[in-house]
Amino acid sequence: MQNFSYYLRLSLHNIKRAPLPYALTLMILSIGLGVFFSNATLYYWMNRDPLSEQSHMLFFPRINAVEQACDSCLTPLRVLSYKDVQKLSSSAIPSAQAGMFQSGGYARVPNTQNGPTPVTIRVTQRDFFTLFNAPFLHGQTWADNEARMELILHYNAALKFFGRTDVLGQQLLLDGELYTIVGVLENWQMLPKLYDVNNGLAITPVEEIYLPWETAYNLGIKSNSTTQSRDSRNYNENFAVNGREGEFYQAQFWVRLDTPAQQAAYRQFMDNLVASEKEAGRHPRPNGNLLHNMLDIAEAFNERNRQLDAFAMVSVLFLLVCLFNASHLSLNRYMASQFEFSLRRALGASRLQLQGQLLTDVLVNGVLAFILALLFAVLMLLLINQLLPATSALNNWQPGLILLMFGVALLASYLVTVYPAWRASYSPLNQQLKA
Amino acid sequence: MSFTLLIKSLLRRKVITALLLVQLALTLALIANSAVLAWQARQLANQPTGLTLSNLLRVPIKPTLPELRSQPALGDLMERQLSAIRAVPGVVSASWMNQTPLLFGGMNGNIFVIDKQDTTNIGMVPYQLGSVSMRETLGLTLLQGRWLEETDVDTEVIVLSEQLSKQLFPDGEVLGQQTSAGRVIGVVSDVLTQRYADHQNYAIYLPWNMQSADYGYQLLVKIEPGQLDRVREQLPAVLKAVELEVDIGTLQSFAELHRTLFRSETGLAALLAVLSGLMLLVAMISAYSHALFHGVQQQKEIGIKRALGASRPRIMLEVLTESWLTTLTGAAAGVLLALLLQQQLSKVLSMPALPWYLLPLTVLLLLLCVSLATWYPARLATRVSPATATKTL
């Protein structure tokens with residue numbers, strides 16, 4: 001310990017002796033690390049697995065079920081129709097499954113003076129909350145998938161409309177219809193929101209209100225993101241029939257397949273389904289069955305943020321440049337103090353003791369560079385959020401992430417110091433002392 | 001001064017020189033590629049839109065009551081809002097539309113020439129619904145036939161954008177032709193409708209009323225030059241006076257929409273420019289400190305040279321030449337790296353090839369920065385008096 005404090009003092013003394021070269025080295029190192037940290041933060045939030053315990057079991061099936069013949073149309077649409085969802089949920093293999101889409105509307109508490117407030121809605125089925133681990137604070141999910149005038153609120157929506165969360169049994173007026181609240185979710189978020197990647201909604205917050213699927217079709221509530229109609233029905237009239245029977249595509253569909261055996265069985269089920277549809281003359285397009293795992297979904301829908309990918313590549317290069325540069329500078333710095341190293345060797349300090357000194361230098365450098373780099377990363381994040389507004393939801397630092405960054409800073413400072421110090425401590429003694 | 005000696009002296013400091021070279025090469029590669037991306041973003045943002053961006057305003061409207069979202073109440077609401085807007089001083093023209101040019105999303109469909117579906121089908125074309133006045137509001141020029149009239153409302157006639165008419169009817173016979181969307185009665189000039197449709201200038205203009213406004217609708221307002229800010233401030237109050245049960249979204253000028261449209265490209269370009277600036281700074285710092293250290297180390301050598309009669313400018317030239325030599329060597333490697341990086345980047349982004357003149361230009365820029373950074377240490381080195389430098393000999 002005494003040794004350590006001596007090394008520490010020596011390390012600080014060395015800094016004080018030549019402050020300019022040291023400041024330059026430190027500055028270059030922390031600029032490089034800062035750019036890298038800011039980008040790593042975005043990249044982490046963009047590409048993390050939001051449901052690590054079960055994401056490998058969640059799948060998005062797609063069938064090429066558009067009822068217009070087209071031999072060159074090999075890829076299914078990005079969204080599903082009511083009929084697709086119905087057909088795909090006719091299997092008992094998945095342990096949970098739900099069709100869903102995002103919508104929007106205006107809600108207000110009945111018999112109050114407050115005007116209508118815009119809300120985001122997810123129309124979905126009872127298994128949604130199991131599929132994506134959305135925890136209930138009060139109440140529970142719907143008893144089955146039938147139509148019912150019942151909705152589930154997100155924690156934030158409960159606070160927004162009622163100022164409290166225990167609101168089971170209360171009523172809410174949504175687009176002129178009266179619903180009873182049967183559940184309130186905890187303050188739950190999923191980032192990235194992988195269940196709605198195909199509409200580019202991956203970094204938006206989860207919805208405020210959850211509405212039963214069949215109710216939405218009864219009332220003509222449609223998706224507010226992607227909808228496609230592939231026939232000449234009028235979907236503004238009698239949506240309860242047209243929306244269910246027609247070729248109106250707007251939904252996502254997720255299933256949970258717990259084991260590889262179940263996944264294989266579900267693939268088989270999809271093949272059988274398409275074969276029997278083809279036999280019935282309802283599947284004129286080529287078989288294009290797809291079963292995407294949740295972790296591949298952004299790639300599958302071509303919804304990765306390419307700008308961030310490119311920036312990631314470049315910022316790693318930039319870190320490399322800064323590392324090379326800083327080690328070049330610190331080599332210069334250690335060469336300048338070669339004489340002192342040699343003197344201490346001549347007075348009997350072992351190489352091991354010099355190594356101890358070296359590691360202390362690394363620690364001091366690492367801590368200073370880390371602090372400066374964090375400051376710089378904050379500035380960089382502000383700039384990036386300004387220039388690419390889509391990234392503004394992604395700049396959160398968790399303790400784990402910060403610890404990881406500290407590790408990277410130490411490693412970088414070690415890499416920068418190790419070769420120069422080694423060179424300095426191994427120089428021939430007498431040659432140095434002669435001068 | 002001899003190059004062989006210089007190279008020998010560089011080779012004596014292999015590691016330092018190698019570090020310097022790698023860093024210079026990376027810097028060059030990054031700067032060259034950032035420049036290309038920035039240039040591409042500029043090109044994208046500067047392409048003609050066919051619209052007068054500075055005097056158009058978009059007002060997104062969504063009725064908050066379901067009754068107001070369907071006909072006939074919807075049409076009535078639109079008419080009331082439009083006549084109130086037209087009465088505001090400074091307003092030239094106002095129309096409703098189902099979707100705004102420049103904005104992604106909304107109503108898209110396919111279109112083909114009747115009886116020629118196989119050869120003419122286009123998958124994704126914006127269907128632009130709106131009042132008859134939208135031609136005036138958007139400033140569309142009539143190129144063929146006639147524009148939509150009040151008597152056409154809810155009939156099967158359409159007007160095509162020029163780009164779309166050329167694609168559907170390459171032989172030029174457009175008017176009176178039957179398509180899956182209706183009979184063509186006119187062709188108007190192109191505007192930038194939807195960037196990610198099959199072609200960004202495709203558009204079909206239809207005289208249909210909106211059956212329902214589940215996703216809201218847009219009021220587009222053309223304003224006299226210089227009056228936009230004043231009208232923008234007035235409009236929310238004007239619209240609220242017409243009908244309270246509507247949600248009025250953020251009013252945006254077309255110039256703002258246009259900036260948003262290319263924001264991810266321009267954002268990335270700006271970010272890379274900042275990064276390139278930092279890289280140049282880092283390169284300059286490194287050149288500066290390298291020359292400074294090296295100068296101190298070589299004090300003795302320089303002193304001897306001075307004592308033997310080398311002039312100051314000559315010593316200066318020597319120090320500078322060394323940094324030029326390293327920069328040029330690093331830059332040569334950087335040219336290769338730049339091409340490699342371009343290859344990698346074009347895997348994630350659509351990116352043009354590097355133009356031939358860009359690389360020499362970047363090398364020149366790098367050379368300039370490095371010389372600038374070396375100049376001061378080089379001057380310090382030449383100040384060494386022969387007497388002090390050779391004292392310990």
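Even glycines carry a Cβ here, placed using N, Cα and C.
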Given ranges B:72-98, B:315-341, the stretch to which TrEMBL attaches the annotation transmembrane segment: B:315-341
Within the predicted model, mean pLDDT of the domain 'ABC3 transporter permease C-terminal' (B:274-386): 85
Contact set, same chain, for the transmembrane segment (B:315-341): CB under 8 Å, 6 or more residues outside the stretch: 1, 3, 6-7, 9-10, 17, 20-30, 32-33, 287, 290-291, 294-295, 302, 305-306, 354, 359, 362-363, 366-367, 370-371, 374-375, 377-379, 381-382
Secondary structure tally of the domain 'ABC3 transporter permease C-terminal' (B:274-386) (DSSP, helix then strand then coil): 96 helix, 0 strand, 17 coil
